[in-house]
Amino acid sequence: MEFDCEGLRRLLGKYKFRDLTVEELRNVNVFFPHFKYSMDTYVFKDSSQKDLLNFTGTIPVMYQGNTYNIPIRFWILDSHPFAPPICFLKPTANMGILVGKHVDAQGRIYLPYLQNWSHPKSVIVGLIKEMIAKFQEELPMYSLSSSDEARQVDLLAYIAKITEGVSDTNSKSWANHENKTVNKITVVGGGELGIACTLAISAKGIADRLVLLDLSEGTKGATMDLEIFNLPNVEISKDLSASAHSKVVIFTVNSLGSSQSYLDVVQSNVDMFRALVPALGHYSQHSVLLVASQPVEIMTYVTWKLSTFPANRVIGIGCNLDSQRLQYIITNVLKAQTSGKEVWVIGEQGEDKVLTWSGQEEVVSHTSQVQLSNRAMELLRVKGQRSWSVGLSVADMVDSIVNNKKKVHSVSALAKGYYDINSEVFLSLPCILGTNGVSEVIKTTLKEDTVTEKLQSSASSIHSLQQQLKL
């Protein structure tokens with residue numbers, strides 16, 4: 001098929017890097033001339049829509065001595081080639097999807113090549129070659145029996161809409177055996193915080209298997225040292241599928257973009273999470289997602305939206321470290337006649353956090369509460385949040401989750417419906433943590449209207465920024 005270069009340029013009028021995209025697709029046409037190109041509407045996880053270039057066709061896969069033509073569809077984002085394509089199987093009415101390491105129930109394709117996409121070394125031809133190689137190891141489709149073909153209509157309609165709910169229609173599930181008794185934890189990110197979380201979790205002996213996903217290029221020192229000195233039960237990998245069947249997935253990664261504006265910096269984090277969260281959610285569909293990336297309130301919201309997990313299974317580290325420190329200071333430094341467990345730091349991380357008590361007025365009088373709070377907060381302000389401190393706090397939360405301890409932590413949870421907050425924002429609130437994440441939000445006593453106002457102000461500013469992000 002002759003490649004219509006000028007026609008493609010017209011279709012890509014709104015693409016940021018049109019010439020680079022056209023040149024790459026010209027190269028794709030050399031190897032796969034039968035692909036058909038069109039401009040159609042893609043529906044993202046947040047229900048937003050965008051007209052995107054996509055191409056369809058088949059790729060030849062040799063499996064057990066037979067050649068299969070696997071139908072695929074690639075969606076090219078308007079930021080291509082700096083963002084990877086979104087790839088799907090395109091089954092016909094007599095084909096079913098085999099859910100596996102690289103394919104979910106809706107036919108979306110997940111590959112290491114996509115996860116590690118980096119222009120200019122990553123190209124579509126290279127992606128297709130890896131796709132063929134992976135499908136030769138694990139065929140992604142099977143022929144339906146005549147009785148199943150009628151039910152296939154639902155899946156085809158679903159794929160046509162390009163939405164991403166949870167469905168097992170005409171799909172065969174993969175390897176559930178690891179999900180029975182193993183306490184498997186995954187830490188995403190090989191930076192200082194990722195290393196700190198890995199060491200703290202390892203030291204507490206929480207995990208039977210602990211996976212550290214180091215997504216950086218080359219040897220970055222710390223992860224190399226972990227490989228050299230070989231911690232028991234710790235696996236270091238760059239393949240997201242190594243995280244499969246984790247009970248908790250911890251996000252510590254942050255984009256180090258050179259953007260000038262705060263919005264651009266946050267958006268670069270969002271762009272990175274768009275490539276990570278759906279894949280990690282696919283590999284560990286029953287996990288709790290724990291976010292330590294910054295800004296934690298916004299990135300927890302982003303993770304929730306991209307994962308489509310229920311809100312109770314997506315939490316951020318919030319003010320847990322500050323709360324634990326504050327309780328320790330009140331009990332052990334100020335020697336107050338209270339356990340300290342009635343006081344919490346809640347709200348937004350940083351300068352806008354607030355202090356509250358959990359409704360046990362009879363334990364400490366209001367006057368004493370104010371005096372203790374002021375003195376404790378002064379001591380707390382001199383404490384920094386070093387990576388190792390945050391790592392210890394994360395390990396404590398993970399312990400509560402995997403061992404179902406029903407312990408109260410101040411974590412970033414969906415705050416809608418609390419303190420007259422009506423928007424979908426995450427703020428740190430005292431929550432009981434267990435196997436399924438947040439099982440209950442603890443009510444606190446807010447005697448001062450200024451505290452409620454501060455929480456609502458934080459919610460408003462966070463919501464405003466979220467509205468400007470592109471998910």
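Just so you know, glycine gets a Cβ as well, placed from its N, Cα and C.
Features of the protein shown, as given by Swiss-Prot:
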- 191-219: NAD(+) binding site (BINDING)
- 2-145: domain 'UEV' (DOMAIN)
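Here the features listed in Swiss-Prot are painted onto the structure.
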residue : record              : DSSP class
Gly191  : NAD(+) binding site : coil
Leu199  : NAD(+) binding site : helix
Ala207  : NAD(+) binding site : coil
Leu215  : NAD(+) binding site : coil
### Message
Can you give me the same-chain residues 6 or more apart in sequence from Ala207 (NAD(+) binding site) with a CB-CB distance under 8 Å?
### Response
Asn183, Lys184, Ile185, Ile201, Asn233, Val402
### Query
Across the domain 'UEV' (2-145), what is the average pLDDT of the model, as a whole number?
89
### Message
Just to verify: the residue among Ile195, Leu199, Ala203, Val211 with the fewest other Cβ atoms within 10 Å, which of the binding-site residues is it?
### Response
Ala203
### Task
Let me know how many other Cβ atoms fall within 10 Å of the Cβ of Gly191 (NAD(+) binding site).
18
